[in-house]
Amino acid sequence: MLQELQNQFLTSTVGGLVIGSIYALVALGYTMVYGVLRLINFAHSEIFMIGTFASLVTLTAIAPTAPLGGVAMIGVMALIVLISAAVSGGAAMLLELIAYRPLRKKGATRLAALISAIGASLFLQELFGLEVINWLTGKPGRNQQSAPRFVDRDTLFTIGNANVRTDHVLVIVGAVIVMVILDQFVSRTKLGRGIRATAQDPEAAVLMGVSIDNIVRVTFLLGGAMAGVAAAFYVMEIENTDYRVGFVLGIKAFTAAVLGGIGNLRGALMGGIVLGLVENWGAIFLGSQWKDVIAFVILVAVLMFRPTGILGESLQRARA
Amino acid sequence: MKGDGVTAKRNAFHPVDRARDWWADAPQWQRYTVYLAAIVFALILPAPWIGSFMSPESDWTTVLFYPIGTYILLAVGLNIVVGQAGMLDLGFVAFFAIGGYTLAYFGTKHGLTFWATLVMGIVLAAVSGVILGAPTLRLRGDYLAIVTLGFGEIVRITANNTDEIGGARGITNVPHPEPLFGMEFLLDPAPYYYLIVAAIALVIVFSVRLHKSRVGRAWAAIREDEDAAELMGVPTFKFKLLAFAIGAMIGGLAGAIYASKAIFIEPNSFPFILSATILAAVVLGGAGNLPGVILGAFVIAWLPERFRFLAEYRILLFGAVLVLMMALRPEGLLPSRQRKAELHEGTGGMGTLAAEVPGPDSDDTSAEVGSK
């Protein structure tokens, strides 16, 4: 057992960091929307799914015949990240307009908004499974769709006995860059200040001249774009996707958001990394079929001792 | 439509309000007549002439058992947790699965009778409700929601990974119940339908009695303001645990009855989407109001069956209907009037969405903002 742990620990750590970065990016969308609206945006997982198809279609259009290297590789990566972020961000804004805004205007309960979110999630999943995927790729929509490889799996360097590959580095470095940009946006810009103000106290924010509708729209746009970035990395790393890809990943990402302290941007980052690492380490002992169980047990354990997550809630007021 | 969710105004000419006023003042014999009529209605419901309209494409009695009857039973159980005690549970299907698996496992491996395994299923579901609830019920709102969601997935994945209970292949040849009152429980769906009607009737009586008791008032207090309830001397943790356990028991009961008819159960019989669907039924009907919840469960179970000719587009439309219904009537089809009176914004302890501030043209939301 100990031997196994020694052999696999570093490899699992690298794998955990990679999947953890993807969880963290998706978790940012949950956490931002929650911070501003106090709504679990259940359809966020479908925004991620839409992003994976934006990336897939772009990649298929470029159709690299062999793995690329150097500038070409980074250029293609940047291109699918941008397209995927734009598509997902747009989809998230549309989602807000159709599924949440009417409820907000009526002063509906958060429970009603959650049901609307679940409905929107079902609708988008089925829409893609039945029509959109077939239309985009020409293949049966319920099947798994595979993406061409454009980043080769060569080992870049080794840490101990773990091989760190080009794609690993790309995901982790890319995620860090995007998160730094988001963090700077939220803490430095005028819109970012508006988001924080709305999260803290919507009434005071309105009195100070913040347009709530605008802030909510920007929040969904940013959260959706983060999911799109995650989707591009996911397609590059996993190389396939299907119409249900968002479900498990969405649950994990929301778990990551809660783990770090929901409404807290840095908490989402930390929660994602912790979740990715712990479930990969746990899988060494129990086998990878127990990964999801490990993730949820960790969540329950952390919440028992830190009921508002590891870093606590900070984007918003303390909840009653 | 505007402002329906926040005003408690009564409309003397609205048929639902008139029916409620009449019910509130009805003497005992009239109420019992209504109960009797409801039971007679439930008994003649499987008639073919009703079925030919309600479910032209699949066997009506089968549809009445599952999904309709099963959903109603589950929704009444979930309503205790969500509607009465105000806790958001996204993993209710876990208890349904535990009830079903208990019946299937002990029935096939140990040859126990239906009634013995039914009781075991209910007890085990209650125990698992307490095991989940004890460490987590100190959490509130959405933290509880994600933990319960996780629990539902843990149960499903564990069933999938445990060979002792069939793993991914599930359990086959689940025994049927023993004959009762001359009814043979075989392939004919009718006896199962009567069984589930009896279970629903029992659970409804139980739920109404609880609602009117000290326990029900404690739940209402916790739902509306947990801190205030605690200060008033309500042992909130104990009552929350009780609501969780009772909800779990009803979920277990539904699971056991379902498994006895299904013959075959597998982990994928208990997906997350079922939890979401039952929650949607509760909210769509009007959380906290029992007739509303039953109506909601009926609608949610029946619509996809009635529109079976839409074939694969059913779930797509179901999703769209959920979004549309919530946009049009966020408070549900038959919201609880008592709740509206208890708390004028009528949010059922879940609160409204944040970031909502009355603009110049939305005078109807002023009440909630003022009440913070």
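Each residue, glycine too, has its Cβ placed from N, Cα and C.
Going by TrEMBL, these are the annotated features:
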type	residues	note
TRANSMEM	A:20-40	transmembrane segment
TRANSMEM	A:47-66	transmembrane segment
TRANSMEM	A:72-99	transmembrane segment
TRANSMEM	A:168-186	transmembrane segment
TRANSMEM	A:218-237	transmembrane segment
TRANSMEM	A:293-312	transmembrane segment
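Most Cβ pairs under 8 Å to the transmembrane segment (A:72-99), among the stretches A:20-40, A:47-66, A:293-312, belong to A:47-66. Spatially, the transmembrane segment (A:20-40) is not adjacent to the transmembrane segment (A:293-312); fewer than three Cβ-Cβ distances between them are under 8 Å for residues at least 6 apart in sequence. Listed by sequence, the residues of this chain that lie at least six past the ends of the transmembrane segment (A:47-66) yet keep a Cβ under 8 A from its Cβ atoms are 26, 29, 76, 79-80, 83-88, 91-92, 95, 124-125, 128, 132-133, 136-137, 145, 147-150, 223-224, 227-232, 234-236, 241, 243-246, 249-250, 253.
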